[in-house]
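**Q** Before I ask anything, let me first share the structure, which is written out below as structure tokens.
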Amino acid sequence: MAVTALAARTWLGVWGVRTMQARGFGSDQSENVDRGAGSIREAGGAFGKREQAEEERYFRAQSREQLAALKKHHEEEIVHHKKEIERLQKEIERHKQKIKMLKHDD
């Protein structure tokens, strides 16, 4: 029976420690909510400047890619609309020819 009580105390002790650790980690995280990925930049120094330069380079590259994609999209739209204009002009000519043929038959 003494062994069982000792085992129970040990088991509860381990879980008690685990519970306290979990609570401790949880409170640490909630206290540091305002700190985030930008903490290196906020610290300043060489690492902060490097991080800022890398972020700016990344966003400039993203902007270039977006502008290139937008330009390509607009160029494709222009080509599509030109083809549509040509198709409609051919259809107009075809209808004019039909009208001409109908007038000729009268």
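Just so it is clear, glycine is given a Cβ too, placed from its N, Cα and C backbone atoms.
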**Q** Annotation phosphoserine per Swiss-Prot: which of the candidates SER30, SER39 has it?
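**A** Record annotation (Swiss-Prot, phosphoserine): SER39.
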**Q** Quick one: DSSP breakdown of the region 'Antiparallel alpha-helical coiled coil region' (74-106) into helix, strand and coil?
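**A** When I sort the residues of the region 'Antiparallel alpha-helical coiled coil region' (74-106) into the three classes, I find 32 helix, 0 strand, 1 coil.
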**Q** So for SER63 (phosphoserine), how many other CB atoms are inside 10 Å of its CB?
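**A** I count 10 other Cβ atoms within 10 Å of it.
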**Q** Sort SER63 (phosphoserine) into helix, strand or coil using the DSSP assignment.
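**A** The three-state answer is helix.
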